[in-house]
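A.B. asks: I grabbed these lines from Swiss-Prot:
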type	residues	note
DISULFID	Cys303-Cys350	disulfide bond
REGION	1-42	region 'Disordered'
TOPO_DOM	1-100	topological domain 'Cytoplasmic'
TOPO_DOM	122-135	topological domain 'Extracellular'
TOPO_DOM	157-212	topological domain 'Cytoplasmic'
TOPO_DOM	234-362	topological domain 'Extracellular'
TOPO_DOM	384-407	topological domain 'Cytoplasmic'
TOPO_DOM	429-485	topological domain 'Extracellular'
TOPO_DOM	507-525	topological domain 'Cytoplasmic'
TOPO_DOM	547-552	topological domain 'Extracellular'
TOPO_DOM	574-689	topological domain 'Cytoplasmic'
TRANSMEM	101-121	transmembrane segment
TRANSMEM	136-156	transmembrane segment
TRANSMEM	213-233	transmembrane segment
TRANSMEM	363-383	transmembrane segment
TRANSMEM	408-428	transmembrane segment
TRANSMEM	486-506	transmembrane segment
TRANSMEM	526-546	transmembrane segment
TRANSMEM	553-573	transmembrane segment
Amino acid sequence: MAPWPELGDAQPNPDKYLEGAAGQQPTAPDKSKETNKTDNTEAPVTKIELLPSYSTATLIDEPTEVDDPWNLPTLQDSGIKWSERDTKGKILCFFQGIGRLILLLGFLYFFVCSLDILSSAFQLVGGKMAGQFFSNSSIMSNPLLGLVIGVLVTVLVQSSSTSTSIVVSMVSSSLLTVRAAIPIIMGANIGTSITNTIVALMQVGDRSEFRRAFAGATVHDFFNWLSVLVLLPVEVATHYLEIITQLIVESFHFKNGEDAPDLLKVITKPFTKLIVQLDKKVISQIAMNDEKAKNKSLVKIWCKTFTNKTQINVTVPSTANCTSPSLCWTDGIQNWTMKNVTYKENIAKCQHIFVNFHLPDLAVGTILLILSLLVLCGCLIMIVKILGSVLKGQVATVIKKTINTDFPFPFAWLTGYLAILVGAGMTFIVQSSSVFTSALTPLIGIGVITIERAYPLTLGSNIGTTTTAILAALASPGNALRSSLQIALCHFFFNISGILLWYPIPFTRLPIRMAKGLGNISAKYRWFAVFYLIIFFFLIPLTVFGLSLAGWRVLVGVGVPVVFIIILVLCLRLLQSRCPRVLPKKLQNWNFLPLWMRSLKPWDAVVSKFTGCFQMRCCCCCRVCCRACCLLCDCPKCCRCSKCCEDLEEAQEGQDVPVKAPETFDNITISREAQGEVPASDSKTECTAL
């Protein structure tokens, strides 16, 4: 065996094991002494010990640290520091900051306006259909059906305020009882959360941002769904919301007040009313079975009218049909009387784009729907870009610490409740929970606000939107004051009950965990986000609606097995994660099921093949179609062919393969070869030279 190579300028390490004959400690120190004796230089000559060559046969995988995808990203500031700028640069930077602030406020203004126009577009497309849902008051006595109708109507009109006002009108007209209206209010609470979920889809381009944004949006959905699943059976059994609100209304003598204050609408209404104006009374009239309203258009044409009452002579079949005996006479063979007639005279038309087009409501709604979605998407992209350029370095650190930091011990538990108050106050200012949560979604996506902090803010928005409804109820006329106030209070106490269920105790904050799980799935399979929207906001409510119309026997016969299977799967999943040993070996995992029943990979392949033929055409059309293609096919480079998805997957698989770390090689020569410092063919030469 050849002697070990000696390296200059190396110290022997006494802690290292040096291989010798028969596995004993070699006499390296003696050799070192001899070498030192023969060395003519005064500088000490040292050696490095090399571990045995056979030790390189077993390579050790270095454990890779997996970053938590929910950690907030560090927004690095790559620009020039303020202290390093000259006077001209500081002035230019100052005006750039002012310009970015103006642009941010401008895009935020158009973002809010696009949400308002989006709501109007949905009302034009599905407003009359929503009114017809309420027209059959006999089926509203079914609480489950009332819940589903509340969800569908609010999704169609994109406004919980509109659906709530319809319910108030029906209750004040004695077409609906408060008891039957409470499930509808619960459904409206669910339906209004679809808006910020749609907004989250606009951040689908970046996987990490989409994971956070979609989870931040759907935490609102899960809170509402879980609250309904628990509180609806409790309300049906005890009617506690109806009893509490009735006691409150009867205990206080409320008087009619002034109209609810318009805060944000004062700024947005001058612009939105130039686009379109709607006559929202038509939906309420359809809900109250007014046949004349079915032929009316929701697009408002005349904004200024004059109503005049006059008396005219009319003929009647007999004197018994006269309005009054003193106002009845006979002229030959005809009987005459005087009747009060109301004339409505149109004076001035409204000033908006569609006032003179005379298009059907569906056409106007479709146009506004497409345009509002384009503006919404564009504004959101620009808001994210501007925030990303502003919130960097020290600014981002200060903002994230201010928003996400808890109070010092022992008052840390108060931080979340303060966030609830902030969310309620901000929602009261903007007068819409959809606007507040939709504005919150991009901030969650870019990593300024954590999911844990966004959760109490969202709960506060639920409270804030009910306070606006209470103020609006206090401004109602005398005949509708009592019913509208009781319904608004039902909405308020429903959200308070939900907060008491899913917030005070940390382990009960299930919406956060469920939203994070859905965010992880949607980030990996981005088409699943659209699937979630369709299933939870359309297919499930429509299925329950159809089964309810078929009768309670059909509903129970189909619903009970489905609920039983869901509960069984959840219990089995809980046992698999907590104590799998109590289960049979076959049930300790889901491998006994076919792959398509336990994984989304087969479904992802089907969706990719289905969208592959449309991908190239979609990418060549426009940027908006390109984003839709990215959403469906999970492809961030959609301006290429469908092969880019496969390339991306191969690249990700290549990154997932554990790489042997150079430090784990036992032989330093092999380690240097792995690092590329020494070619493999020259390793022997280097050892000889040493």
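Each residue, glycine too, has its Cβ placed from N, Cα and C.
Locate each feature and note its surroundings.
C.D. replies: Under the DSSP three-state reduction, Cys350 (disulfide bond) is assigned to coil, being neither helix nor strand. Sequence-distant neighbours of Cys350 (disulfide bond) (same chain, 6+ residues apart, CB-CB distance under 8 A): Lys273, Gln277, Lys300, Ile301, Trp302, Cys303.
If you take every residue in the topological domain 'Extracellular' (122-135) and average the pLDDT, you get 75.
Helix, strand and coil counts under DSSP for the topological domain 'Cytoplasmic' (157-212) come to 44 helix, 0 strand, 12 coil.
As a summary of secondary structure, the topological domain 'Extracellular' (234-362) carries 48 helix, 37 strand, 44 coil according to DSSP.
With DSSP states grouped into helix (H, G, I), strand (E, B) and coil, the topological domain 'Extracellular' (547-552) comes out at 5 helix, 0 strand, 1 coil.
Beyond the ends of the transmembrane segment (101-121), by six or more residues, the same chain brings 157-159, 162, 195, 264, 267-268, 271-272, 275-276, 278, 365-366, 368-369, 371-373, 375-376, 379-380, 382-383, 386-387, 390, 430, 432, 434-435, 438-439 to within a C-beta distance below 8 angstroms of the stretch.
If one looks beyond the transmembrane segment (136-156) by at least 6 residues along the same chain, the residues whose Cβ comes under 8 Å of a Cβ in the stretch are 122-123, 125-127, 129-130, 162-163, 166, 170, 175-176, 180-192, 194, 228, 232, 235-236, 537-538, 541-542, 544-545, 548-549, 552, 555.
Under 8 Å from some Cβ of the transmembrane segment (213-233) lie the Cβ atoms of residues 143-144, 147, 183, 186-187, 189-190, 193-194, 196-197, 199-201, 203, 437, 440-442, 444-445, 449, 451, 454-455, 458-459, 461-462, 494-495, 497-498, 501-502, 510-512, 514-516, 518-519, 522-523, 529, 532, 536, all in the same chain and six or more residues away from its ends.
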A.B. asks: Taking residues 6+ outside the topological domain 'Cytoplasmic' (507-525), which of them lie with a CB under 8 Å of any CB in it?
C.D. replies: 69-70, 207-208, 210-212, 214-216, 218-219, 221-223, 226, 451-452, 455, 501, 532, 600, 603-604, 634
A.B. asks: Mind checking which residues reach the topological domain 'Extracellular' (122-135)? Cβ under 8 Å, same chain, six or more beyond either end.
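C.D. replies: Cβ under 8 Å, 6 or more out: 149, 152-153, 155-159, 162-163, 166-167, 170, 176, 276, 278, 280, 282-289, 293-294, 298-299, 361-362, 364-366, 368-369.
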A.B. asks: Residues of the same chain, at least six outside the topological domain 'Extracellular' (547-552), with any C-beta under 8 angstroms of its C-beta?
C.D. replies: 139, 142, 144-145, 148, 558-559
A.B. asks: Looking only at Cβ atoms, how many others are within 10 Å of the one on Cys303 (disulfide bond)?
C.D. replies: 16
